[in-house]
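Participant: Taken from TrEMBL, the feature substrate binding site covers Asn15, Gln47, Asn67, Gly77, Asn78, Asn163, Asn197, Glu215, Arg216, Gly225, Ser226. What TrEMBL lists as active site, proton donor is Cys76. The active site annotation in TrEMBL covers Cys76. What TrEMBL records for Cys224 is active site, proton acceptor.
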Amino acid sequence: MAGAAPFAKMNGIGNEIIVADMRGRAERVSAAAALALNADPATRFDQIMAIHDARTPGTAYFVDILNSDGSSAQACGNGMRCVVQALAAETGETVFTFETVAGILNAKQHQDGSISVDMGMPRFGWQEIPLAEEFRDTRMIELQIGPIDAPVLHSPSVVSMGNPHAIFWVDRDVWSYELERFGPMLENHPMFPERANITIAQVTSPDSMIIRTWERGAGLTRACGSAACAAAVAGARTKRTGRSVELTAPGGKLTVEWRDDDHVILTGPAEWEFSGSFDPATGTWARDTESAA
Ligand SMILES: N[C@H](CCC[C@H](N)C(=O)O)C(=O)O
């Protein structure tokens, strides 16, 4: 393919990620390419993490994040771990400083192969998330779906991890809620002018919870790293948990530590599946012949 860019299909505990190598190129991965790659079952993804040349001194790369509907995302914790694993394999480095549209982000690969990403500081102001109306306390906002007198989901905590998140606390098994039905309504609720990632969370101990996420621009996913961060922060803010939490998502476990310096550290694995090359304008792609299935 002329002008093709290398990519790796990877995942972060089942969050389907394409790491695209756009270094040395001026163009972005187009929304049309994202839609085409997502339409093919072999390359279906939740996020594309496009690695570009650095724009800012002191950073190694600029990472552009696209959702599977072609929209842009400001943060993707699971995808950043995939980026780190791909770059660590290529360069032998283990510590990286990246830039995204949301700012500077540090990450490192540990001896055991797990990867920690510093997701920065959470933000709680209603205008920062953003919400459509003023709430002075975003630990719990008025929002509900279902019958007025017996809402199915209500009173979420809202947090920005660079991207907007709403966490609905539930007592029952997270699988007993029809997130595929409520997710789209809540993602697009007028309360969220930039839409939102929607998570239901069941706290199982002061340092653990089970979560399921409907992602803005991607739908149901097996895991969402920034949602794990948002849920852990919201858990600590509402005194449901401490500041170090293990989160079980459908695809596996992640740990989040909300450090005393206010930074949120997400740790978990990343997995390579296969490599190929693609046209960043159209999404036409081919698998590398030497790449395993
Ligand atoms: N899967 C990602 C989050 C993608 C966020 C995206 N859906 C949005 O904010 O639009 C993660 O691991 O953090």
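Keep in mind that glycine also has a Cβ here, set from the backbone N, Cα and C atoms.
Note that TrEMBL annotation is computational and uncurated.
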Participant: Including all protein chains shown, what's the count of other C-beta atoms within 10 A of the C-beta of Asn197 (substrate binding site)?
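Facilitator: So the Cβ neighbour count for Asn197 (substrate binding site) comes to 28.
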Participant: When you average the Cβ positions of Asn15, Gln47, Asn67, Gly77, Asn78, Asn163, Asn197, Glu215, Arg216, Gly225, Ser226 for the substrate site, which other residues in that chain have a Cβ within 8 Å of that mean position?
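Facilitator: Output for this site, in sequence order: Asp46, Ala73, Ala75, Cys76, Gly79, Thr213, Ala218, Thr221, Cys224, Ala227.
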Participant: If one measures from the C-alpha of the residue listed as 'active site, proton acceptor' to the C-alpha of Asn15 (substrate binding site), what distance in angstrom results, rounded to a whole number?
Facilitator: 7
Participant: For Asn15 (substrate binding site), what residues in its own chain, 6 or more apart in sequence, show a Cβ-Cβ distance under 8 Å?
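Facilitator: Listed in sequence order, they are Asp46, Gln47, Cys76, Asn78, Gly79, Thr221, Arg222, Ala223, Cys224, Gly225, Gly251.
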Participant: Non-local Cβ contacts of Asn67 (substrate binding site) (under 8 Å, 6 or more apart, same chain)?
Facilitator: Ala34, Asp46, Gln47, Ala73, Glu215, Arg216, Gly217, Ala218
Participant: Here are some active-site residues: Cys76, Cys224. Which one has the most Cβ atoms within 10 Å of its Cβ?
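Facilitator: Compared across Cys76, Cys224, the most Cβ atoms within 10 Å surround Cys224.
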